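Student: Below is the structure I would like to discuss, written out as structure tokens.
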Amino acid sequence: MAIRNLTGVSQFLLLGVSEELKLQHFIFGLFLSMYLITVFGNLLIILAVSSDSHLHTPMYFFLFNLSFVDICFTSTIPKMLWNIQTQRKVITYESCITQMYFFTLFAGLDTLFLTVMAYDHFMAICHPLYYTVIMNPQLCELLVLVSWVISVLHSLLESLSLLILSFCTFLEIPHFFCELNQMIQLASSDTFLNNVVMYSGAVFLAGSSFMCILHSYSRIVSSIGRISSSQGKYKAFSTCASHLSVVSLFYCTGLGVYLSSAGTHRFHSSATASVMYTVVTPMLNPFIYSLRNKDLKKGLKKLFRKIIIKGPIGI
């Protein structure tokens, strides 16, 4: 456990992305805008999928869940905004563990939902005749439930393994949130078991998910190659383009976080990579899906019409 101070509460200092006071007002406005865009964009997708019966399909069901998780994934931003506004960057040991647990949980869910969506695209393109039979509502709900169970157990294991470590009563965390890799590096006790758990979890969750996505798209590319008409090829490819863009963005930024935090002397680059991973990626996801998806565009237009028509009545 962490070494306690006289008040019985260990406190950590979150350094954030900048220590320069001149930049903090700009950073506050920038991150507040990004957070609002993320919440608003993903909330629009959730409302559009919920309100339009034409979007009640497996693909949009998984997108609905992914948008919900993306909103939760950015839950570290309000804490950072509060720190900038109050100039108080202290977080207790218990709050830090809690923050890390939920961050790991939602990162794992993002990974698994992207994998499930790749499987959905694989079934739709490679086995179109059996698609509606196999991808039934029961299977879709089961896939989401299994994703939640795996992510909860993985996050719980990572958090419990962190409890055996010892920390100084007061230390500086070179991030705007409590990130697992940095917490292990800052521990004052042996971290061998924690590194085994962390990298085993990363290989099992992120590595196996990425391999499943690669396998799905290798089969998809093979199936698209056998389509005779160019229009059919374009339609099949456009179905996967948005998902491929999100997968590339998610895995590239996630990999950047761990590569940049490999050395303790690269704190600034690690914090910058974390911003891309936890803020920019969830913010861009709604734009990527809505701009390249005609059905979702129609759903959003219907949603706006309902808001415009029913808005004055509600008021």
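The backbone N, Cα and C atoms fix where each Cβ goes, and this holds for glycine too.
Feature table excerpt (TrEMBL):
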DOMAIN    41-289  domain 'G-protein coupled receptors family 1 profile'
TRANSMEM  26-47  transmembrane segment
TRANSMEM  59-78  transmembrane segment
TRANSMEM  129-153  transmembrane segment
TRANSMEM  160-177  transmembrane segment
TRANSMEM  197-217  transmembrane segment
TRANSMEM  237-259  transmembrane segment
TRANSMEM  271-291  transmembrane segment
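Can you tell me where each of these features sits in this structure?
Tutor: Remote same-chain partners of the transmembrane segment (129-153), defined as residues 6 or more beyond its termini with a Cβ less than 8 Å from a stretch Cβ, comprise 58, 61-62, 65, 105-106, 108-109, 112-113, 116, 119-120, 123, 205.
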Student: Considering pairs 6 or more residues apart, do the transmembrane segment (197-217) and the transmembrane segment (237-259) have at least three CB pairs under 8 Å?
Tutor: yes
Student: Summarise the model's confidence over the domain 'G-protein coupled receptors family 1 profile' (41-289) as a mean pLDDT value.
Tutor: 86
Student: Within the same chain, where does the transmembrane segment (237-259) have neighbours whose Cβ lies under 8 angstroms from its own Cβ atoms, ignoring anything closer than 6 residues to its ends? I mean 6 or more beyond.
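Tutor: Contacts of the transmembrane segment (237-259) (Cβ under 8 Å, skipping residues fewer than 6 from its ends): 107, 110-111, 114, 117-118, 121, 124-125, 179, 181, 202, 206, 210, 213, 217, 220, 224, 270, 273-274, 276-277, 280-281, 284-285, 288-289, 292-293.
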Student: List, by number or range, the same-chain residues at least 6 past the transmembrane segment (59-78) whose CB is under 8 A from its CB atoms?
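Tutor: Residues 31, 34-35, 38-39, 42-43, 45-46, 49-50, 99, 102-103, 106-107, 109-110, 113-114, 116-117, 120-121, 124, 137, 140, 143-144, 176-177, 278-279, 282-283, 285-286, 289, 295-296.
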